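Step one of this worksheet: look at the structure below.
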Amino acid sequence: MSSMSEKSPVVVNMTDSPPLGDPEKAYTYEVELLRDVYEDEDTGMDPIYHAKARILNSAFQEIGMGRYQVRLLPNFVLASTQLVRSEDILPANAPQCPAHGTVKQIVLITFSTCSGSFSSLPVLDGSGAFSLRMLQNVTVTTDFSPSDNLWPVATTLILTPTVAEFGYNGPYIKLAWALGTLVGAAFWGFASDIFGRKWAFNITLFMTGIFATAAGGSPNEIALLSMVAVWSVGTGGNLPVDSAVFLEFIPASHQYLLTILSIWWALGQLVGALVAWPLIANFSCAGTTPETCPKSENMGWRYFMYSVGGLMLLLSFVRFFVFHLYESPRYLMSRGDDKTAVEIIHEIAKYNKTTSRLTLEMLTNAGQKPGVEDLDVSAKAIVARKMKQVNLNHVKPLFATRKLALSTSLLIIIWGLIGLAFPLYNGFVTIFFNQRGADFGDGSVYTTYRNLVILSVIGVPGAILAGWMVEIPRLGRNGTLAISTILTGVFLFASTTARTSNAFLGWNAGYTFTSNVMYGVLYAVSPELFLTKDRGTGNTLVALSNRIFGIAAPIIALESNLTTSVPIWIAAAFFLGAGFLAIFLPFEARGHASL
């Protein structure tokens, strides 16, 4: 039995096409399928959708965590390598490799190596030390996107030099970012439920790259703020769409990897800080007003925008041309296109060098209902139906029962509180470090950006720790989210007591570490608790809350004095409030399959 859950997993003995409401019979061998995240909760879910979702869950479990999913991680392409949960006890019928034996277990991931050709890769083992494990046919891909945190950080990094050159009020650049991400979260989340995940996944990154690069050529503050707002429309949609795409392609036993994906959040911040440090520190003017800071002496922030904008364009081309993204089978099923969903399942299985026994008849039989005709599943027809659905069909299921309403409402509030607290501090962290450095007698542009690099490095292991903590019994997603968010607020409060630069940096190191744990869990648990057919809408609601509250951050900054500790106290209080609310989330996603 898997150690993922205290409850026994559902064993799906799949022999025949399942009757309606009994999706636990669909294949010709046993597949261990985790219980649904809602367990016995009456969610008002369509029984046909439920039956089909269970069948697709078992299909992905059969395919396993193969190289297609690994490329979505995105990190390594492990050709012909099967990843399995490390803490699961291997079943009696564990896959055997000719001349090599059974699957080999290591912490976090397990690799079955069935070839005589091996390469080495360091993997974190149970003692916390790095050890070398022999992996077969390992190739590396550059298909990753650190953009989700690079762009909020980008506006922070260019704030001081652009204010010096253009003479505008600094918080306005964060307001432009907040408004853009609000529009992006609203548009792309709903659009992904209508047009699908694929195009939104590809377009958002390209949109960010093209307008961010253009921002480097801004002749004045109006042009700059406009470019920030437009590129933020792309970044605002990238996060909810990316999390939905990844969750809908991985087997239920590997949903915890969505938490570890937040490492790209930390790496995005690190990339931004590493690029900004030499450029802005060495190519910025000494003056602080437009009269003393001409463009010719202040090119550092422009070089920075060209660099990171170009990086995003490169990564968007990788998404378009190097890695072929299939449309989500779970999404296709939710809109009635069972045929294409089955075809894609088999394409993914083929890509993973395995097979799937899923057939169209299995989904068709599960969805048979007298008097129901096949729907037109074209995008045009779906849009037409959506326009007629004034009753918000994708919103109502999120509040269908008292527990679902509590879960959705708490997530919306938690996202909102964090959405205000995080940019209120991080959006102006360069100002806080400059001010504290001046107060302590050791402030400089070089030191400020060096400290940001240090903090960015410290944030990376936070995402890894989050991936481990969310699988601890009695702690899980909700406990990890509550503890990390409360500690984030505590460290922020403590930073106001610092009397030296090193003390201020130390408290910020703790804040950065715990906030990366917090975001890792937050970004994972939200899509896990939404149904596939409503996931884009659910992600949109929490993202909208995050962005709407985020608009308040620059407004507070405009009305308060950033040279005092007041904004820090406000941010810390909101973190504490969000952490305490997380304790009351009614559903625990640990050890349960999303639907």
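Just so it is clear, glycine is given a Cβ too, placed from its N, Cα and C backbone atoms.
As a whole-number mean, the pLDDT of the domain 'Major facilitator superfamily (MFS) profile' (105-590) in this prediction is 80. The domain 'Major facilitator superfamily (MFS) profile' feature in TrEMBL is assigned to 105-590.
Under the heading transmembrane segment, TrEMBL lists 175-192 (among others).
Positions annotated as transmembrane segment by TrEMBL: 199-216 (among others).
Taken from TrEMBL, the feature transmembrane segment applies to 222-249 (among others). Tertiary proximity for the transmembrane segment (222-249) is limited to same-chain residues at least six positions away from its ends with a CB under 8 Å from its CB atoms, namely 60, 68-69, 72-73, 145, 147-148, 151-152, 155, 162, 166, 168, 172-173, 176-189, 191-192, 197, 200-201, 203-212, 214-215, 255, 257-258, 261, 325-326, 328-331, 348, 523-524, 526-528, 532, 535-536, 539-540, 542-543, 547, 594.
Beyond the ends of the transmembrane segment (256-280), by six or more residues, the same chain brings 65, 73, 85, 144-151, 153-154, 157-158, 161, 243, 246-247, 250, 300-301, 303-304, 307-308, 311, 445-446, 449-450, 452-453, 455-457, 459-460, 462-464, 466-467, 470-471, 477, 516, 519-521, 523-524, 527-528, 590 to within a C-beta distance below 8 angstroms of the stretch. The feature transmembrane segment is assigned by TrEMBL to 256-280 (among others).
The transmembrane segment annotation in TrEMBL covers 304-326 (among others).
The transmembrane segment annotation in TrEMBL covers 404-428 (among others).
The transmembrane segment annotation in TrEMBL covers 448-468 (among others).
Residues 414, 418, 421, 425, 436, 466, 469-470, 472, 504, 506-508, 510-511, 514-515, 517-518, 521-522, 525, 565, 568-569, 571-576, 578-580, 582-583, 585 of the same chain lie 6+ residues outside the transmembrane segment (480-498) yet bring a C-beta within less than 8 angstroms of a C-beta in it. Positions annotated as transmembrane segment by TrEMBL: 480-498 (among others).
TrEMBL lists 504-525 (among others) with the feature transmembrane segment. Tertiary neighbourhood of the transmembrane segment (504-525): same-chain residues 239, 243, 255-256, 258-263, 265-266, 411, 414-415, 418, 422, 429, 433, 436, 440, 451, 454-456, 458-463, 465-467, 469-470, 477-478, 480-481, 484-485, 487-488, 491-492, 494-495, 497-498, 585, 589, selected by CB-CB distance under 8 Å and a gap of 6+ residues from either end.
The transmembrane segment annotation in TrEMBL covers 537-556 (among others). Below 8 angstroms of C-beta separation, residues 171-172, 174-175, 178-179, 181-182, 185-186, 188-190, 193, 236, 239-241, 243-244, 394-395, 398, 408, 411-413, 415-420, 422-424, 427, 526-527, 529-531, 567, 570 of the same chain, each at least six residues beyond the ends of the transmembrane segment (537-556), sit close to that stretch.
Residues or ranges marked as transmembrane segment in TrEMBL: 568-587 (among others).
Remote same-chain partners of the transmembrane segment (568-587), defined as residues 6 or more beyond its termini with a Cβ less than 8 Å from a stretch Cβ, comprise 37-38, 41, 403, 406-407, 410-411, 413-414, 417-418, 420-422, 424-425, 432, 478, 481-490, 492-493, 495-496, 525, 529, 556.
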